[in-house]
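What Swiss-Prot records for this protein:
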- 22-42: transmembrane segment (TRANSMEM)
- 44-64: transmembrane segment (TRANSMEM)
- 97-117: transmembrane segment (TRANSMEM)
- 140-160: transmembrane segment (TRANSMEM)
- 163-183: transmembrane segment (TRANSMEM)
- 207-227: transmembrane segment (TRANSMEM)
- 261-281: transmembrane segment (TRANSMEM)
- 311-331: transmembrane segment (TRANSMEM)
- 366-386: transmembrane segment (TRANSMEM)
- 389-409: transmembrane segment (TRANSMEM)
- 423-443: transmembrane segment (TRANSMEM)
Amino acid sequence: MSTSDSIVSSQTKQSSWRKSDTTWTLGLFGTAIGAGVLFFPIRAGFGGLIPILLMLVLAYPIAFYCHRALARLCLSGSNPSGNITETVEEHFGKTGGVVITFLYFFAICPLLWIYGVTITNTFMTFWENQLGFAPLNRGFVALFLLLLMAFVIWFGKDLMVKVMSYLVWPFIASLVLISLSLIPYWNSAVIDQVDLGSLSLTGHDGILITVWLGISIMVFSFNFSPIVSSFVVSKREEYEKDFGRDFTERKCSQIISRASMLMVAVVMFFAFSCLFTLSPANMAEAKAQNIPVLSYLANHFASMTGTKTTFAITLEYAASIIALVAIFKSFFGHYLGTLEGLNGLVLKFGYKGDKTKVSLGKLNTISMIFIMGSTWVVAYANPNILDLIEAMGAPIIASLLCLLPMYAIRKAPSLAKYRGRLDNVFVTVIGLLTILNIVYKLF
């Protein structure tokens, strides 16, 4: 074998699938599987069998193409170690950097409000239905839970980072286990309700409107955009010097594809299992009660008459506990991102970017008071969580995940090779449909 053949063989071996690629695949997958998944079955199952089948067809393309577009934007910067803010500043100047900072902050902060409402409702339904205690004052419960989380975050952040990272996989395993364990309780209610003669494409409860609203919850639930920038930087530092940027882009796409397949498989199986166990009417009731599907399942099994199986008794208590842990995990992870983003905004606009004028401790205190205070107000007001996701959370995520990369592909010379592709049209349409939910909610 010649020397050149040996070099090619060595490079091929080194560039094949690595352990770090598997780690990142699981990391992206784990980032997306959080509390948002607990609301997807409610919205997906709300319209019955036909809409959720259409969502199943759309799920992987939405997850893969949208995140690949964001990854391509992150890859387009000249500095392999540059994050998305630096890349956007390189393409669009300082104004672009400010815009991306605002987008990141406002993409994450509403999620904290959503989780504040969710954890309050989940705790209250567990307190009243599973433990059998008298109802508590909502404002007190929300304040207690937020102060408890603030205390843990303030005094044990490093420990909680480790604990939360360990909880990702038990939570995913519990979702799969619950999905499998629900199979004996599946019924044909959702199939029996399918009447092809009375199906409507348009109208408030039509298939198109249901799928349109479902796209928003998919963008919200199938979202690992907060970690994409770090993921791309890691892969560029690992591959780009030896194998080039095109190879790195293909490797990132491959990892995103596998993570998306895992994510869609777990979430859609969980959604279908919940729908076949319950019914569209049950999903509508869960939406009205403003609780995650696990809490509704707990109440559903608690209300069962006759002899209960061990699983039914276990799920009656375990489902709400799993939901509480999942929400806390998601709240904590998003809190750190919100804190970092708000600190940057306060420093930039309150102290003109001069870090010597204010200590990190003071910045953290100012930001924590605003974050926890605003979250308490929203949790006390108790807006409908799915409406909040569709009107605020998902549209802001879509502007960052879908429309920003498409605008960059249109304007940035380094992304010119991606212009004129059908998947760009798909990503743009998904982004616009998600943002148009705001208009739909207003009217």
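Using the three backbone atoms N, Cα and C, a Cβ is placed for every residue, glycine included.
The transmembrane segment (97-117) makes contact with the transmembrane segment (366-386): 3 or more of their CB pairs lie within 8 A, with pairs spaced 6 or more apart in sequence. Stretch with the largest number of CB pairs closer than 8 A to the transmembrane segment (423-443), among 44-64, 140-160, 163-183, 261-281, 389-409: 389-409.
Spatially, the transmembrane segment (44-64) is adjacent to the transmembrane segment (261-281); three or more Cβ-Cβ distances between them are under 8 Å for residues at least 6 apart in sequence. With a cut-off of 8 Å between Cβ atoms, the residues of this chain six or more beyond the transmembrane segment (261-281) that come close are 25-26, 28-29, 32-33, 37, 40-41, 44-49, 52, 56, 59-60, 63, 172, 175-176, 178-180, 182-183, 185-187, 189-190, 193, 221-222, 224, 293, 296-297, 300. Counting same-chain residues at least six beyond the ends of the transmembrane segment (207-227), those with a Cβ under 8 angstroms from any Cβ of the stretch are 27-29, 31-32, 36-37, 39-40, 43-44, 46-47, 50-52, 54-55, 58-59, 62-63, 66-67, 70, 107-108, 199-201, 259-260, 263-264, 267, 334, 337, 386, 389-390, 393-395, 397-398, 400-402, 430, 433-434, 437, 440. Scored by C-beta pairs under 8 angstroms, the transmembrane segment (163-183) has its highest count with 311-331, from the stretches 22-42, 311-331, 366-386, 389-409.
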